[in-house]
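Colleague: Feature table excerpt (Swiss-Prot):
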type: COMPBIAS; residues: 148-164; note: compositional bias 'Polar residues'
type: REGION; residues: 148-227; note: region 'Disordered'
type: COMPBIAS; residues: 183-202; note: compositional bias 'Polar residues'
type: REPEAT; residues: 612-641; note: repeat 'ANK 1'
type: DOMAIN; residues: 821-850; note: domain 'IQ 1'
type: DOMAIN; residues: 844-873; note: domain 'IQ 2'
type: REGION; residues: 869-891; note: region 'Calmodulin-binding'
type: MOD_RES; residues: Ser942; note: phosphoserine
Amino acid sequence: MVDRRSFGSITPPLQLDMEQLLSEAQHRWLRPTEICEILQNYHKFHIASESPTRPASGSLFLFDRKVLRYFRKDGHNWRKKKDGKTIREAHEKLKVGSIDVLHCYYAHGEANENFQRRCYWMLEQHLMHIVFVHYLEVKGNRTSIGMKENNSNSVNGTASVNIDSTASPTSTLSSLCEDADTGDSQQASSVLRPSPEPQTGNRYGWTPAPGMRNVSQVHGNRVRESDSQRLVDVRALDTVGNSLTRFHDQPYCNNLLTQMQPSNTDSMLVEENSEKGGRLKAEHIRNPLQTQFNWQDDTDLALFEQSAQDNFETFSSLLGSENLQPFGISYQAPPSNMDSEYMPVMKILRRSEDSLKKVDSFSKWAIKELGEMEDLQMQSSRGDIAWTTVECETAAAGISLSPSLSEDQRFTIVDFWPKSAKTDAEVEVMVIGTFLLSPQEVTKYNWSCMFGEVEVPAEILVDGVLCCHAPPHTAGHVPFYVTCSNRFACSEVREFDFLSGSTQKINATDVYGTYTNEASLQLRFEKMLAHRDFVHEHHIFEDVGDKRRQISKIMLLKEEKEYLLPGTYQRDSTKQEPKGQLFRELFEEELYIWLIHKVTEEGKGPNILDEDGQGILHFVAALGYDWAIKPVLAAGVNINFRDANGWSALHWAAFSGREETVAVLVSLGADAGALTDPSPELPLGKTAADLAYANGHRGISGFLAESSLTSYLEKLTVDSKENSPANSCGEKAVQTVSERTAAPMTYGDVPEKLSLKDSLTAVRNATQAADRLHQVFRMQSFQRKQLCDIGDDEKIDISDQLAVSFAASKTKNPGQGDVSLSCAATHIQKKYRGWKKRKEFLLIRQRIVKIQAHVRGHQVRKQYRTVIWSVGLLEKIILRWRRKGNGLRGFKRNAVAKTVEPEPPVSAICPRIPQEDEYDYLKEGRKQTEERLQKALTRVKSMVQYPEARDQYRRLLTVVEGFRENEASSSASINNKEEEAVNCEEDDFIDIESLLNDDTLMMSISP
């Protein structure tokens, strides 16, 4: 039975010897438990106020990300990505036990690949700002993890080590296994400290036999009486016995199995049978409190590992040659217990290749073979727990239920969310995985999920995505798995955590007040979230790839909090009361669930409007939930999505004065110059800057006005760098607000002075953008007039790029190419400037004209008779015979032509209707655009006059800068993960080939 305390404390309080830890950090990486202990007690250490300069190997630093943002700038040259600019910094999560507790970002040196840097910080929200950085030069590629002996503290010539009594076995061994996966050239001996004399007892009253000293000390476990008991089908163990006996018959393996074989007949025996082969026989197992194991040989652990390593391949081949069939374990109540000495072999046989997500190394298998007990369950890095009994407090008489394994696996769990809930909160749980059945068979079953001993129905949202509601449950960890409504597990078993405490129902009026605009928006938003559509069965297999990708993006944003702005969550939390903060957390869970549901639905999905004409993105912007913008965009909502009145999310954020939300929207590409729908009161519409200015948010108004000017110019000059020599070199004259940075603060600077400096820079930037836009408009108008005067209406196609390039290069001096062209033209003109050359040219031209006239006259005279015959024929047939007319008989060739009367003069009574020209519409639109540009420039200039507006503008620049840095780091992490998936050989963090070679036993056993 799994000990509850092994899950209760993620990071047990370790008594670290800092001097020894610092000395060991010179040649090995620290383990997650040690790092967690340091980060949780960071106030006891010195936090560096500035980044180091080229730190040496073995250096350890603590930084505060809120204080020192650029702690990674250490002067070293790290390995770059393909672009040659961004540092290739990969990311992983480290576990303590079965729970992710640490972020780990690691980088490799460019010149020296063995020199590495690892940055760690906690996943807990209140400790995320403390960063632990470790520099180390790894000696060699891989070394096995072994026990480090200390001869100075040995007794009778042997080293005796034990684990701190306060450390939970699960945490200790999990960290040991993590080192085997993620460490480079390190030894698992930090939490193991030398002891002058061996431990002979423990707090549970169980005393190990003398022969068990080494095993118990290595694992640090304590066997106690189990509250649950299982009955194992003995016939299923015959196959295992056949393989073990064949292995036992080998001469070089006799000694190894003899060392492992206990002599007590009350435990599991290994019998040899020459006819039927060896089999494992389950006898009566006594209580662990009354049973002691008498080992025939007190073998040292190192000797056993060496012997097992030498004979591992033979053992694997013998087991792999058997035709093993899957078998299951079912729960029964009789008080019978199974000794755990051979439980690891049974677990290996129960796991099929489909459910085996990650193979463990040989060191894990050897440790489990030596002495895994029932209250110590090793867990894989994916967080799935073993098939074992999990204690439940709901049992009245101390009897617990164990998950029952079905005959075959029908579903593979990749991830699920959320992984915890309050005891009385029936939250929705999303399970992402893969069905191992055909679509017809998937719809045939009634799928359910088990939370401990409670089975709840599940709904299929899309192929591979299930949704269920967690039932009310007592606090604690329970097994979680998928069933076919028969209480038998058809997937891997995971762990769900029920947290103590009750869910508080918070009303929107308690947070935002009564009869306020925010309370009304919140209530309408909650009403929208409550709206769900039923997913039909014939739709769950449509567009599976796109839907799963969107769901994966949403869940990734939910798990990764790195997209949050630095300090944004803390600032909002300080502004709100505790009830408001709790309401925000509850609302966040509902929002993510709603987005996943809408992604799987048919129709508009999340692009829907409520009864009053607002959508989800508009509510998010109006309420200031900037943390929800990226998940909403990941669900497929456009950032410029309009409501019924033509308002975008940026309009709502500016109208409500949400600084962080405005900065996030502009950084993500929202159109700052978008207009609302025209109305009788506002025939020209309003921009977001106009709405912010009307509500007194002058800083936001100036920020958006500058953004509209610079972004409009950026759209016109999107490709001008390639064709314009003016912009091909040098710094950009006009920067967008997403590219700008706030003025850095130095010693002696006053905040008012810095905000004034930023505001003046904004005025200069906006003035240059407006001036260039006016030049572009004037140039386009002038070129059109020239073409209209020439009459070449087909060539009235002036590109914006040409006009912008000309406007940008007007102030520049002509280059060397213009001088050379002028010289060439002058040389050509000089050749024909003399009277002699000109006379020859005129004579030649006159002769050519005469020749052309003779040729044309000859052609006309040659065709004259044919033309006369044709005209006569047509005159007789059509004009005379067909139309019964006179034909050409009365035609007079020398008759005077009839004079055309002149048109009457244009008067006010009868004006002439002007000819329609589509350019008139463009002129009117351009006139309105110029008025808006002038108004935007006025908004930016007026911002300088108010200190509050200048401070608000500086805060917006700071948020935009922080958002840009977080986006760069997160995109680099995602790209690194993609590159590592394609190029596994470049990843020095985990050696996949060595793990596969070590786990031949596990891979060879198939059901």
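Just so it is clear, glycine is given a Cβ too, placed from its N, Cα and C backbone atoms.
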Colleague: What does DSSP give as the helix, strand and coil breakdown of the domain 'IQ 1' (821-850)?
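Modeller: Residue counts for the domain 'IQ 1' (821-850) by secondary structure: 27 helix, 0 strand, 3 coil.
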Colleague: Please list, in sequence order, the residues in the chain of Ser942 (phosphoserine) that are at least six apart in sequence and whose C-beta is under 8 Å away from its C-beta.
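Modeller: Counting only residues 6 or more apart in sequence, the Cβ neighbours of Ser942 (phosphoserine) under 8 Å are Arg698, Gly702, Ala949.
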Colleague: Kindly assign the residue listed as 'phosphoserine' to one of the three DSSP-derived states: helix, strand or coil.
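Modeller: The residue in question, the residue listed as 'phosphoserine', is helix (DSSP, three-state).
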Colleague: Averaging the per-residue pLDDT over the domain 'IQ 1' (821-850), what integer do you get?
Modeller: 79
Colleague: If you run through the region 'Calmodulin-binding' (869-891) with DSSP, how many residues end up as helix, strand and coil?
Modeller: 14 helix, 0 strand, 9 coil
Colleague: What are the helix, strand and coil residue counts for the repeat 'ANK 1' (612-641) according to DSSP?
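Modeller: Across the repeat 'ANK 1' (612-641), the residues distribute as 17 helix, 1 strand, 12 coil.
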